[in-house]
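Chemist: TrEMBL lists these features:
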- 1-24: signal peptide (SIGNAL)
- Cys34-Cys49: disulfide bond (DISULFID)
- 63-215: domain 'Cupin type-1' (DOMAIN)
- His112, His114, Glu119, His161: Mn(2+) binding site (BINDING)
Amino acid sequence: MEHLNKALMAFSATLFLLAPLLMATDPDPLQDFCVADLSGKLSVNGYPCKPASSAGDEFLFSSRATRGGDTMANPNGSNVTELDVNEWPGLNTLGVSMNRVDFAPGGTNPPHIHPRATEIGIVLRGELLLGIIGSLDSGNRYYSKVVRAGETFVIPRGLMHFQFNVGKEPATMVVSFNSQNPGIVFVPLTLFGSSPPIPTPVLVKALRVDAGVVELLKSKFTGGY
């Protein structure tokens with residue numbers, strides 16, 4: 001019993017010492033709104049705030065996602081309409097953002113990663129094959145389902161995923177993130193279109209293909225998506 005009491009006292013003392021450190025983190029905004037001054041320097045919690053007197057009230061609203069972009073403007077057959085803090089300054093410090101993604105028949109949102117956010121979404125029209133690849137912890141398991149209009153999905157932060165329009169008609173989805181700037185890493189573009197380029201011998205060894213294959217793939221991604 002004495003040993004138990006000593007252990008409990010030690011545990012309580014540890015919590016007491018750690019409490020200030022645990023309580024010191026404050027990721028939440030400290031004001032109602034902080035409309036981003038995009039000309040300022042980005043810091044840990046976002047951009048500097050515009051003066052309240054010059055912010056107006058339009059920062060609370062956006063019509064940017066009412067229309068999708070041209071799905072045939074790139075080889076992927078899809079178009080992303082972004083509503084992160086750079087496109088919607090009213091999101092600054094709020095920790096949220098969203099995208100609208102439109103797909104032509106057969107269009108894809110290529111394999112990519114959001115390093116700073118979990119993603120949740122809903123398909124508005126059409127039918128999309130959604131694929132998520134787990135980490136090495138899961139044996140790189142591939143999870144997939146055809147998601148149709150009105151159905152929802154969630155993608156854990158940092159996992160590779162893609163969407164592919166398997167229908168005969170255009171498709172549209174809207175997704176939200178728990179970050180005002182979730183970031184995106186397109187896997188093919190990152191590997192074969194980085195600047196400066198990843199040395200070909202590295203990719204030859206990593207992908208177990210000939211140098212000619214690597215150079216061909218690099219040529220496909222010169223200049224980005």
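Each residue, glycine too, has its Cβ placed from N, Cα and C.
TrEMBL entries are annotated by machine, without manual review.
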Chemist: If you count Cβ atoms within 10 Å of the Cβ of Cys49 (disulfide bond), leaving out that atom itself, what do you get?
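Modeler: If we count other Cβ atoms within 10 Å of Cys49 (disulfide bond), we arrive at 18.
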Chemist: For the binding-site residues His112, His114, His161, which one has its C-beta crowded by the most other C-beta atoms within 10 angstroms?
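Modeler: The residue with the densest Cβ neighbourhood is His114.
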Chemist: Would you mind sorting out which of His112, His114, Glu119, His161 (the binding-site residues) have a C-alpha within 10 A of the one on Cys34 (disulfide bond)?
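Modeler: Neighbours among binding-site residues: none.
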Chemist: Provide, as an integer number of angstrom, the distance between the C-alpha atoms of Glu119 (Mn(2+) binding site) and Cys49 (disulfide bond).
Modeler: 26
Chemist: What average pLDDT is reported by the model for the domain 'Cupin type-1' (63-215)?
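Modeler: Here the mean pLDDT over the domain 'Cupin type-1' (63-215) amounts to 95.
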Chemist: Could you measure between His112 (Mn(2+) binding site) and Cys49 (disulfide bond) for me? Cα positions, answer in whole angstrom.
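Modeler: If we compare the Cα positions of His112 (Mn(2+) binding site) and Cys49 (disulfide bond), the gap is 31 Å.
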Chemist: About how far apart, in whole Å, are the alpha carbons (Cα) of Cys49 (disulfide bond) and His114 (Mn(2+) binding site)?
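Modeler: It is 25 Å, counting Cα to Cα.
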